[in-house]
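Here's the structure, in structure tokens; my notes come after.
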Amino acid sequence: MVLCVQGPRPLLAVERTGQRPLWAPSLELPKPVMQPLPAGAFLEEVAEGTPAQTESEPKVLDPEEDLLCIAKTFSYLRESGWYWGSITASEARQHLQKMPEGTFLVRDSTHPSYLFTLSVKTTRGPTNVRIEYADSSFRLDSNCLSRPRILAFPDVVSLVQHYVASCTADTRSDSPDPAPTPALPMPKEDAPSDPALPAPPPATAVHLKLVQPFVRRSSARSLQHLCRLVINRLVADVDCLPLPRRMADYLRQYPFQL
């Protein structure tokens, strides 16, 4: 649709009086008087009157995507051998009490708002850190100030492997001041439920150091799985290996080094 506006012209006598005789013929305006507006002018007016949409629109949640992400994480954890299932914080403390610093395991969280908890032996004893899940990603629980700096991962095994590699690189670094490991708050699950257990120090943060997983005896890893771990540590892309399809599929089922 083309919009037209009437240009300036002198008023006729009948128009000055505001009356028009019935016998008066219809007036034909000269061509220059009727000037079409450019097509973009109307669009610009509409654009100016329409409020701009905010850039940070809420993300639409996809339950199917969440289900697939959580199912994949459970599959990886069962293959790992260091997923301990539904043990409590006290049981995890007993298992890790005599282990060297940096020994860790993953278990189900006792908090209804979390799926998993990372239990690790630190300089202050066994410590539990909850693992958050949001927007199809997992991250370590932390306070509000440091949360934007905490990395997110598509599954729990990728999360743990990242921090193990980070701690290993810091240990091997020749620099006098290696990059610090993430400082995380003491969650409520660390409060000892047994009065006989010693209470943790009143510090508010603990430096996380992950070195080696604590494999469950009932989930002893097979020789095939151990060979798969070695291949994953030595080869960046298993698709480049001249392997039978069945063996290549087995390697892809657990593409991790832990």
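All positions are counted from 1 along the displayed chain.
A Cβ is built for glycine as well, from the same backbone N, Cα and C atoms used for every other residue.
These numbers come from a predicted model, not from an experiment.
Feature list (source: Swiss-Prot):
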DOMAIN    82-163  domain 'SH2'
DOMAIN    209-257  domain 'SOCS box'
REGION    169-201  region 'Disordered'
Message = For a three-state summary based on DSSP, what are the helix, strand and coil counts in the domain 'SH2' (82-163)?
response = 19 helix, 29 strand, 34 coil
Ask   = Within the domain 'SOCS box' (209-257), how many residues are helix, strand or coil going by DSSP?
value = 26 helix, 2 strand, 21 coil
